[in-house]
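In Swiss-Prot this protein carries:
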ACT_SITE  H92  active site, proton donor
BINDING   F22, A57, Y58, E59, T84, V85, I86, F117  5-amino-6-(D-ribitylamino)uracil binding site
BINDING   G89, T90, R131  (2S)-2-hydroxy-3-oxobutyl phosphate binding site
Amino acid sequence: MNVIEGVVATPDARVAIAIARFNHFINDSLLQGAIDALKRIGQVKDENITVVWVPGAYELPLAVRALTKSAKNGGYDAVIALGTVIRGGTAHFEFVAGECSSGLSSVAMDSEIPVAFGVLTTESIEQAIERAGTKAGNKGAEAALTALEMINVLKAIK
């Protein structure tokens, strides 16, 4: 039996992080968690990490798509999407969270480049804060590790 598993130590990886500016007080922690995981655990060099800011979570799929097209030309091995969508009193949450998730998934499938989903979709600010580095860990760091592992899984499959 042949088992394929990826490792996270990927010193030569080139990784882009697309991050939403909206809810930046939470997203800044996700970004720090992602960068820390890439450098400390993944051993990714600082010069191989690119951060791209977009207005909000709804804009993430388009930016990630552009980054994956760059990846096909030797730009990036993976892209991490970071953001926070917090439920409010209107249907806006469902539209933004759903389109962001669907769009990122489509980009990953179409590009065949790892797109790690680090977008928090929470019921409250408190839940978002918990997932950005307090009680529930840092989902930015988790997304970074997912991206690194998927780089290696896909290399092993090909």
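Every residue gets a Cβ built from N, Cα and C, even glycine.
What you see is a predicted model, and the numbers here were worked out from it, not measured in a lab.
Distribution of Swiss-Prot features across the structure.
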residue: F22; record: 5-amino-6-(D-ribitylamino)uracil binding site; DSSP (3 states): coil
residue: A57; record: 5-amino-6-(D-ribitylamino)uracil binding site; DSSP (3 states): helix
residue: T84; record: 5-amino-6-(D-ribitylamino)uracil binding site; DSSP (3 states): strand
residue: G89; record: (2S)-2-hydroxy-3-oxobutyl phosphate binding site; DSSP (3 states): coil
residue: F117; record: 5-amino-6-(D-ribitylamino)uracil binding site; DSSP (3 states): strand
residue: R131; record: (2S)-2-hydroxy-3-oxobutyl phosphate binding site; DSSP (3 states): helix
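Cβ neighbour count for Y58 (5-amino-6-(D-ribitylamino)uracil binding site): 19 (other Cβ atoms within 10 Å of its Cβ, all protein chains included). Other Cβ atoms within 10 Å of the Cβ of A57 (5-amino-6-(D-ribitylamino)uracil binding site), summed over all protein chains shown, number 28.
Using a 10 Å Cβ-Cβ cutoff, R131 ((2S)-2-hydroxy-3-oxobutyl phosphate binding site) registers 24 neighbours.
Of the listed binding-site residues, namely V85, I86, the sparsest Cβ surroundings within 10 Å are found at I86.
Cβ neighbour count within 10 Å across all protein chains ranks T84 highest among the binding-site residues T84, T90.
The binding-site residues under consideration are F22, F117. Their Cβ neighbour counts within 10 Å are lowest for F22.
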